[in-house]
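Taken from Swiss-Prot as is:
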type: BINDING; residues: D:Arg48; note: NADP(+) binding site
type: BINDING; residues: D:Arg125, D:Ser126, D:Ser127, D:Gly285, D:Lys300, D:Pro301, D:Thr302, D:Pro303, D:Ser304, D:Arg327; note: FMN binding site
There are 4 protein chains.
Amino acid sequence: MTGNTFGNAFRITTFGESHGPGLGVVIDGCPAGLPLTEADVQAELDKRKPGQSEVTTQRKEADMVEILSGVFEGLTTGTPIAMLVRNADARSAAYENIRNIARPGHADFGYMEKYGMRDYRGGGRSSGRETLSRVAGGAVAKKLLSLYGVEVHAHTVAIGNVRAKPATIEEIKANVWKNPVRCADLSAADAMLREVSAAREASDSVGGIVEIVATGVPAGVGTPAFDKLDACLAYALMGIGGVKAVEIGAGIASAGMRGSEMNDEFCTEDGKVRTKTNRCGGILGGISTGMPIVCRAAIKPTPSISRPQRTVNLETGAETIIEITGRHDPSIVPRAVPVAEAMVALVIVDQMISGGLINPVSAGAVDASRNR
Amino acid sequence: MTGNTFGNAFRITTFGESHGPGLGVVIDGCPAGLPLTEADVQAELDKRKPGQSEVTTQRKEADMVEILSGVFEGLTTGTPIAMLVRNADARSAAYENIRNIARPGHADFGYMEKYGMRDYRGGGRSSGRETLSRVAGGAVAKKLLSLYGVEVHAHTVAIGNVRAKPATIEEIKANVWKNPVRCADLSAADAMLREVSAAREASDSVGGIVEIVATGVPAGVGTPAFDKLDACLAYALMGIGGVKAVEIGAGIASAGMRGSEMNDEFCTEDGKVRTKTNRCGGILGGISTGMPIVCRAAIKPTPSISRPQRTVNLETGAETIIEITGRHDPSIVPRAVPVAEAMVALVIVDQMISGGLINPVSAGAVDASRNR
Amino acid sequence: MTGNTFGNAFRITTFGESHGPGLGVVIDGCPAGLPLTEADVQAELDKRKPGQSEVTTQRKEADMVEILSGVFEGLTTGTPIAMLVRNADARSAAYENIRNIARPGHADFGYMEKYGMRDYRGGGRSSGRETLSRVAGGAVAKKLLSLYGVEVHAHTVAIGNVRAKPATIEEIKANVWKNPVRCADLSAADAMLREVSAAREASDSVGGIVEIVATGVPAGVGTPAFDKLDACLAYALMGIGGVKAVEIGAGIASAGMRGSEMNDEFCTEDGKVRTKTNRCGGILGGISTGMPIVCRAAIKPTPSISRPQRTVNLETGAETIIEITGRHDPSIVPRAVPVAEAMVALVIVDQMISGGLINPVSAGAVDASRNR
Amino acid sequence: MTGNTFGNAFRITTFGESHGPGLGVVIDGCPAGLPLTEADVQAELDKRKPGQSEVTTQRKEADMVEILSGVFEGLTTGTPIAMLVRNADARSAAYENIRNIARPGHADFGYMEKYGMRDYRGGGRSSGRETLSRVAGGAVAKKLLSLYGVEVHAHTVAIGNVRAKPATIEEIKANVWKNPVRCADLSAADAMLREVSAAREASDSVGGIVEIVATGVPAGVGTPAFDKLDACLAYALMGIGGVKAVEIGAGIASAGMRGSEMNDEFCTEDGKVRTKTNRCGGILGGISTGMPIVCRAAIKPTPSISRPQRTVNLETGAETIIEITGRHDPSIVPRAVPVAEAMVALVIVDQMISGGLINPVSAGAVDASRNR
């Protein structure tokens, strides 16, 4: 277990620190013949780019992606696709004062304990910038899934105590990228913005919840007993920095429900089996039902707050006070939206290849014989 | 991805169906020199044995485990440890009537869609009996962890709408195995029993929440970026049948908190760095902090309820009504308690070996050089 | 890396020691719908059974296999297939005198150094009996491959200094199982038998070479850059106890050849591309060409010889003399034949599933869309 | 199985094609605290650089490596180390005429069959340039191994029919990098050069054999049953382009030996157990004995020869004649020497970490408690 590879049949290996030369990803297992350009990937990266609004950090970076391998004459070749984004705006001097200080709520302390050292500049590998590699990998996964009719859409459903109304997939597609909090419910979006502003004014931060919906996933996707679809989604989402809970379908509420409320009854529609309701979030026994996959990730408030906090100098062992300077997102929830999309897309494409529903070497070669 | 192996450095491969000849597990990666007997494993298996009370199913089985390999003269040898439990009480005729019927809330439909066939007897591989293999594997993980001062304890914190009071680790150890709902709060346990009985009387079932606490885990355990400790716990717990949500520390509540509420400040105690609070559940940036690991799994109500439910005959495609007969647990939450313990133990032991904190080939050979 | 799992998409996990309760295998990744009975597996196991002739050891064992899971109504279900063979004739007292002695040419010393202990009875895990699990796994691989027109046949091509004439696939099929040395050239078989007898009479042993031919493997099988078909075959064959060299096609002779001798020119035959010759052994650039796969494994003489040999007592550190008693095969080459077949079959089935040429979840569901 | 990741605890993922933007590697699992500079890696890359002599190709490239991540203030950080080498001299037009032609002895045909397409420029991913990534990865493995007293040295022992005399490790170190054929026997080196020249003059090519010796590997390294040290070496070496056979110790010759000749007797020397001879190549039962690891790889003659060869146009299906133009190495054996070193180093470091002999997260933190 070395930790920086995700997936089995379609796998990404990521690298890079916040203030090193660059970040990137190597995708191994993408079938040949998929049309792919840097613009496809750039479009996804732009969704997480900083400096877009008052909500997110002001660090100005082009974050232009370069494809280093695996694409020839506009098509993937079946060989590894490496992509690189150079770091530009890297004022590492700004971090010299936290060299030995464990910031509360951050990974600093764990890295020091584990490795005995760390690249402290901007969080190093534990920086949110690391998710850039995931989004680049997810961009390819999404492109491949689109050939099979699968779409993945994420949206913010809560920030602090503001919750969005339930949204249709059409509302999500129409509204999410129009507002800085990535919410499908435009009036809730305004309230969320105010919640973020209030937190910033209080030198504080807020958490929230992202929901991800995948449509078009055929029934039969998932690999019991351990690589169930929901288990892999939980692994993928909990691995995003700041996520403290993952729910599938009714999620935590299911604990308080009766079986007669929770069970989704089966029916037929146009000759296909489906469920009348979807409290299970499109997954039963770890295998997709053909209904939309619905899951949520709860994200804690940004740990970087400008209030003084008590902590410890890891070199001297002395207790001390830290005041984090610089500009930090009062909420990382909006920036987690494209990351959550990417991770869910990566899980589904991996499972579909492993399950014989996407040909592992040739994109578009749908296995017609599977249509039972 | 074939789905039936869990873990990397310490891995279990499980097999077996509810009504086949038997179930079992092969553990690969257990260091040599660990004292291990069948009694060690049996003690853990007995915690999940059916027929213990009115809460759980009445199927009478000895579920006696046999160690087939990997142990010599009372010690593990470093070679694979295979364990087998024979199925005894296998009245498969009882399931003939559901051969082609998808039970609502069950895995039946997904298995048929995925494999084109299934062993329908008692749920086959998707039966709760499959967790027996996990508990047997977890028993060895727990034995190994005990050499390093790590303990894992699970307890029921909610059934239906009854919630237990917060419990100390001492209360958990003292009370959990004394009551059939596995709750550390004995007065809540009574209310939970009533909740279960009420559900049964209503031909219905109830869900609940299991919390798992691991103590003695050193700081520095976890493998970013993808195999973070929390990500692996989420994967492990969400992979247990019926789990619909996983929380770490403050969990879902963290979404509604401010950073100043959520952040755990660092301090020193007896010369060691620790946090004053533990809202992060002992994990920051995917790496343990040295504080107790705290996580929870929300479990849906048992899908087998005796009320008539609408469904589809998968052979004919006709809509139909199913009435599930036989005795079924109105709540599987108590039986998930030892399973959750096992899965958390498996994650921690795997991470500790991968991280150099447990020697991979020789039990007890603690790496003293790591003590920085 | 825990060492006892082989394969990716079709994987076996093996367990068991020579003198423990039993040995077995768990197959994960076998598609559903493959007809499979214990008799299918038993037939392969019988090919390696001891006591068949004067050539092999006299230990009498039934070695009857039991399928514990994964098969329902005569068909595989897509869930793990566990198989168990109990040990019967286990006179472990016979090994008490070598408890602390490292037998020359054996694994004893390495196991002691690695694990600090070992199950010394009959070689424990390093016994040739361990290959029983591989043959059981290979039996299922061969059955699955047969649906796709792939056959794997091994034969002895050398024992000591006796070499067999080149054999056609028909001669291999017709002759190999008719003589105790598993040679397709019946007159060479007689000479080989004499070579074995001469070694025994000299209180010595002899080595030899096994060749494996796989027919019907389509072009396009293999996964560069590291999991090339030849690389995986080398890994599989070198992992059999006693193998000291692996060759593909022209093998070692290719080092002395000119390019114009070695290159196989391409031609067409019945509209299909093939090569006129097959010096490459059916593999170019790590990918199959559609010609027969041809590889060989050179096997050292049995290390157990009855002559006195100098060695060391690992407990006391004193130099000593060992005289190995009991009956041992003067040549393990014939018993390696079914093992080599099994390992090659396992490699090919794994690669064909990974490459989309065998459906991973449904046996027989050939991906027609791949036929370009 | 996606093919482009090698190793488990210390793993490399490689990417890049001959004529794409660049090639590189991501190393995951390198412990923190290892001193590493680009110069360390460049020194290894320079050993395989083309244009060094009349023996190797004339393509002029700087092949300067850039470290993109994982190193901070001159030390590895425990996070992924990505390295990139840009392609410079990429005259892809020169390959337009072989776009649809399968070159005999090359990977072209297999790639077309597998993926339905290929980057035909310079062999694309199947080019020898791909080994650059391996050498970069191996450079880090060698640096890490050096902390533990392990050294890996390769040398050419045969080209065509010229064989070198046996060499001591001192001769190998002293002579190999001084002559263009990388031979430790300087008089054989001259004869090998003549063999290469003769082949070139005959518009032909020659094969050869590379031997690799690893010293300082402690006893106890290797992971039976499948990940034996010799099995992993065979996998690593057979995966190098052009390798057709792999031998361990006595190798193929062991097939013709008697047990009394082959067995290495144990003795003690300075209180340590060792073997008097080393016919087993330092490996018994898949585990190192503490003696030098000795293995060899037989390499076929370069398939690119300037003589006309018969082949097939894969687009039209017509038989045709190909005449390969451009300059090609008449023997790739010398360039395989650093690649073989790299692969053996990667295997050993992976096994030592997996076996607890190198700390997985902190370089230099030798596990003193293992010294039994």
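In case you wondered, yes, glycine gets a Cβ from its N, Cα and C as well.
Features recorded in Swiss-Prot, as mapped to the structure shown.
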residue	record	Cβ within 10 Å
D:Arg48	NADP(+) binding site	23
D:Arg125	FMN binding site	30
D:Ser127	FMN binding site	20
D:Lys300	FMN binding site	31
D:Thr302	FMN binding site	26
D:Ser304	FMN binding site	23
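Using a cut-off of under 8 A between C-beta atoms, the binding-site residues D:Arg48, D:Arg125, D:Ser127, D:Lys300, D:Thr302, D:Ser304 that neighbour chain A are D:Arg125.
A coil conformation is recorded for D:Ser304 (FMN binding site) in the three-state DSSP classification, outside any helix or strand. A straight line from the CA of D:Arg125 (FMN binding site) to the CA of D:Arg48 (NADP(+) binding site) spans 17 Å. Checking the binding-site residues D:Arg48, D:Arg125, D:Thr302 against chain C with a Cβ-Cβ cut-off under 8 Å leaves D:Arg125, D:Thr302. Each residue contributes its Cα atom, and for the residue listed as 'NADP(+) binding site' and D:Ser127 (FMN binding site) those atoms are 14 Å apart.
Largest CA to CA distance in the FMN binding set (D:Arg125, D:Ser126, D:Ser127, D:Gly285, D:Lys300, D:Pro301, D:Thr302, D:Pro303, D:Ser304, D:Arg327): 45 Å, whole number.
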